[in-house]
Amino acid sequence: MARLLITGAGGQLGRSLAKLLVDNGRYEVLALDFSELDITNKDMVFSIIDSFKPNVIINAAAYTSVDQAELEVSSAYSVNVRGVQYLAEAAIRHNSAILHVSTDYVFDGYKSGKYKETDIIHPLCVYGKSKAEGERLLLTLSPKSIILRTSWTFGEYGNNFVKTMLRLAKNRDILGVVADQIGGPTYSGDIASVLIQIAEKIIVGETVKYGIYHFTGEPCVSWYDFAIAIFDEAVAQKVLENVPLVNAITTADYPTLAKRPANSCLDLTKIQQAFGIQPSDWQRALKNIRAYAE
C-alpha cells in the first residue's frame, strides 16, 4: 500500500487533507500536526521520513500569519524556508515526491491580468518573500516536487475570511471591507482534493510534469464583493438573521503591517491542461456556509 505523509495536519488545509484521505482509505496515511512533526526540527523530520518512507509528502505546514511575519521574520523563514529544505533533503533519500503549497503573495500585484506560473515573482512582504524562497529552494533540491500556488483560502477549519465575516456580523452594525484588492477565494477542501488527485497520479506511475502550478477559485473578486456574497448566502440559509452594512474601503483606509498585492488573480491554464483540473467554484463552496459558522 502506498504511503502518504501530511505535514501541518492540524491546520486549515491539513485537516481537509486528512479527512479526505481517511475517507479514501486506499493509502497508508500519516497525518502529523506541529506537535508531532515540527518541520523546523531537522532530526525529527529525518527520523519520521526515514521510518515511514512515504511515496508522497504533502506539505501543508507553513507560517501563514501575514502581518505577524513582519515582526517575526526569523520564525517565518524558519518554517517556510528551512523547514522546506529539511523535508526536501529527507525526501531525496527515499525518492519521495513532495507536493508543496504556496501562495499568490509571491507576486507584487502590479500586473493588470492574471499571473502565470512563468511570471517573475516579486513579493511585497516578509510572508511572501519567505514563501518565494521556499519555492526556490524546493525546486533546487528536489527533482520530484510540485508547488501549488493558491489564494484566499477558506473552509470549515482554522481561521479564514469567511469565519471572520460571520463572527463580526454578530456584533457589528457597519463593516468596512477592502475593495481594491482582487483575488480568487479558494475552498480548502478543493485544494486538498487537487493535491490528492496529483498524488494519486504519481503513485500509480503516470508521467507527471513536476514544477509550479496555480489553483484557485473563480471568478476573481474583491474582498468587498466576497463579503457581500458571504452575507447574502448566510441570510439565505438563515445562518444570520441580520447583517451589517458593508462599506467599500481602500487599502489605504485599512493600513496593515504587511503590504499585500492588489491583484492576486492567478491563471489556471497550466493545471487544467496538465491534469484536467477545473477551477474551484467558491460560490458553490459557500453553499456549505453553515459548516463555516460552527
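Here the Cβ of each residue, glycine as well, is placed from N, Cα and C on the backbone.
Among the features that Swiss-Prot reports, NADH binding site is placed at GLY11, GLN12, LEU13, ASP38, ILE39, ALA62, TYR63, THR64, TYR127, LYS131, with the record citing similarity to another entry. The NADPH binding site annotation in Swiss-Prot covers GLN12, LEU13, ASP38, ILE39, ALA62, TYR63, THR64, TYR127, LYS131. If you look up Swiss-Prot, you'll see THR103, ASP104, TRP152 marked as dTDP-beta-L-rhamnose binding site, on the strength of similarity to another entry. The annotation active site, proton donor/acceptor is assigned in Swiss-Prot to TYR127 on the grounds of similarity to another entry.
Annotated features, which come from Swiss-Prot, shown on the structure.
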residue: GLY11; record: NADH binding site; contacts (Cβ under 8 Å, 6+ apart): ASP33, ALA60, ALA61, ALA62, THR64, TYR157, GLY158
residue: LEU13; record: NADH binding site; contacts (Cβ under 8 Å, 6+ apart): ALA60, VAL101, THR153, GLY155, SER188, ILE191, ALA192
residue: ASP38; record: NADPH binding site; contacts (Cβ under 8 Å, 6+ apart): MET44
residue: TYR63; record: NADH binding site; contacts (Cβ under 8 Å, 6+ apart): ALA69, GLU72, SER75, ALA76, SER78, VAL79, ASN80, TYR127, SER130
residue: THR103; record: dTDP-beta-L-rhamnose binding site; contacts (Cβ under 8 Å, 6+ apart): TYR127, GLY128, LYS131, ARG149, THR150, SER151
residue: ASP104; record: dTDP-beta-L-rhamnose binding site; contacts (Cβ under 8 Å, 6+ apart): TYR115, ARG149, THR150, SER151, TRP152, GLY183, THR216, PRO261, SER264, LEU266
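DSSP gives THR103 (dTDP-beta-L-rhamnose binding site) a strand state. Cα of ILE39 (NADH binding site) to Cα of GLN12 (NADPH binding site): a distance of 17 Å.
For GLN12 (NADPH binding site), the Cβ neighbour count at a 10 Å cut-off comes to 22, with all displayed protein chains included.
Counted within 10 Å of its Cβ, the other Cβ atoms near ILE39 (NADH binding site) come to 25, all protein chains included. In the structure as shown, the Cβ atom of TRP152 (dTDP-beta-L-rhamnose binding site) sits within 10 Å of 24 other Cβ atoms. In the three-state DSSP assignment, the secondary structure recorded for ILE39 (NADH binding site) is coil. The Cβ of ALA62 (NADPH binding site) has 25 neighbouring Cβ atoms from other residues within 10 Å, across all protein chains displayed. The maximal spread of the NADPH binding site, taken as the longest Cα to Cα distance among GLN12, LEU13, ASP38, ILE39, ALA62, TYR63, THR64, TYR127, LYS131, is 19 Å. Same-chain residues with CB within 8 A of the center of the THR103, ASP104, TRP152 CB atoms, the dTDP-beta-L-rhamnose site residues themselves not counted, are TYR105, ARG149, THR150, SER151, THR153, GLY183, GLY184, THR186, THR216, SER264, LEU266. Within the set THR103, ASP104, TRP152 that the record links to dTDP-beta-L-rhamnose, no two Cα atoms are more than 9 Å apart, and one pair reaches that distance.
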